[in-house]
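All remarks here apply to the structure that follows.
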Amino acid sequence: MRLPSIATLFHPLQSFSIRGGIHPETHKHLTSECEIETMPMPALIRLPLQQHIGAEAEPIVKRDDLVLKGQLIAKARGPLSANIHAPTSGRVIAVGHFVAPHASGLPVPTITIRPDGEDKWGPHLPRLRPENAAPEEIAAQVAAAGIVGMGGATFPSAVKLNLRAKYDLTTLIINGAECEPYLTCDDRLMRERAEEIADGIGIMARALGVKQVFVAIESNKPQAIEAMTRYNRALGYTFKIHVVPTQYPMGSEKHLVKMITGQETPARALTADLGVVVHNIATAHAVHLAVRYGEPLIARTVTVSGHGIRRPANLRVLIGTPVSEIIAHCGGFTEEPDRLLLGGPMMGMPIQNPRVPVVKGTNGILALTAAETPEAKTMPCIRCGRCVQGCPVGLTPFELNARIHAGDLEGAAKVGLMDCLACGCCSYNCPANLPLVQSFQFAKGKLSERQSRKHQQEETKRLAAARKAREEAIAEAKKQMMLKRKAEMAAKKKAEEAAAAAAMPPPATATAIQGEATP
């Protein structure tokens, strides 16, 4: 079938302005023309039980169990959690702890599988026909497949798909902005799998019951724009391809909503309050595979880049594959990297141990050289305001930083500390090279710690008060019981005395006695 040209399908849409933002060097040329290739089977697969926002999954396998590809090995613990499946067939060699793919490097509960090389599938999830499926069925299938937000947030996707029960939803926005420097995995996915992505978008739109769908793509991805424009229809929906400016952090959920709809999401509110739900491009692709083919989320596309990587690439990688094996597949390091990151350079997570695994939210592995991360001497703040100009939330980072360093964390919270996205725009703009984001993250952690401690203290007081109230109630109940028993005993005694008195013969009268005495 001959597809219509992009000129007949694509029309620029109205965009609304957003505040702040920066334009860092993108470095996307390193991998933008690298087609997605399949990463070979790793020697070991390590699956942390918490690859998502919410409660960690509960393991349902044990050491030495044989598992099949796609088999459920850890089940969601409650609605805000996610299932985890075996990415290939093999043997479970450990259900214990391993280093987290996190800057802390702390051990976390992990299932380790040694692949058997057969890559043998177990039973798939039941396939659905989304044209006839109820919204609840689609959401349940997405939950069963363990799908989470694959742009990095890792929020369980089924929870979002069920929002129609609580909110009046009108709009679905698919986030294909991919604004982080270096990363091109979503770009390549749109260029190579546009038809499958479109189907996933249609499935999600049907589940949400929205009236309109936008696909947001940055202007520096013309081939992706063309591909998605050609496949802009599915399940009765026609998607509007919205080309957004190449600007960081354009991929931020609330900024996309403002750019496309003109609506400002209030602080601590949800975009669903405005009738809008945002999902990632890769999430749409995972939904397509889960609903149409019954495949759980066991693999994802990852960009491997940076001048420290000998052969930058876009790879289709099994979840749980060690970063070290991926780097080796890409030819190893060109030199010892100055920074090794999971994710992008702005919001990515530095790691010390390359043996950590790729998880569901891992969209990039970056090995940055010293030339890419130049160290600059920090100087005192000159209150130039460049951090304010860059902040997409409209905060005053220099004031936040001053309050934090003065120990006034509550004061920093009052001027918006908890609204910080940790996007890094302020640090990027700062001529004094101050580590603003690190300062804000530290302060947010301290505040959260204080609030947690305060909550624990209040909970302890509440429990103590409740215990005291229970003890007083028990004591009062005992007192009342004793009083009641005493009253009952007194009444019983009185009744017995009355009965005894009634049973005695009446005393003889004087007249009667005299009469008895007369001869």
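Cβ from N, Cα, C; glycine included.
Residues C381, C384, C387 are recorded by Swiss-Prot as [4Fe-4S] cluster 1 binders, and the candidate that the same record lists for that site, out of C185, C330, C430, is C430.
Region 'Disordered' is the annotation Swiss-Prot gives to one range among 130-155, 494-519, and that range is 494-519. Taking Cα separation as the measure, C387 ([4Fe-4S] cluster 1 binding site) is nearest to C426 of the binding-site residues C420, C423, C426. Looking at the domain '4Fe-4S ferredoxin-type 2' (411-440) alone, the prediction's average pLDDT is 92. The distance from the Cα of C381 ([4Fe-4S] cluster 1 binding site) to the Cα of C391 ([4Fe-4S] cluster 2 binding site) comes to 16 Å. The C-beta environment of C426 ([4Fe-4S] cluster 2 binding site), restricted to residues of the same chain at least 6 apart in sequence and closer than 8 Å, consists of C387, G390, C391, P397, L436, V437.
In this structure, the CA atom of C384 ([4Fe-4S] cluster 1 binding site) is 20 Å away from the CA atom of C420 ([4Fe-4S] cluster 2 binding site). Taking the binding-site residues C381, C430 in turn, the residue surrounded by the fewest other Cβ atoms inside 10 Å of its Cβ turns out to be C381. In this structure, the C-alpha atom of C420 ([4Fe-4S] cluster 2 binding site) lies 16 angstrom from that of C430 ([4Fe-4S] cluster 1 binding site).
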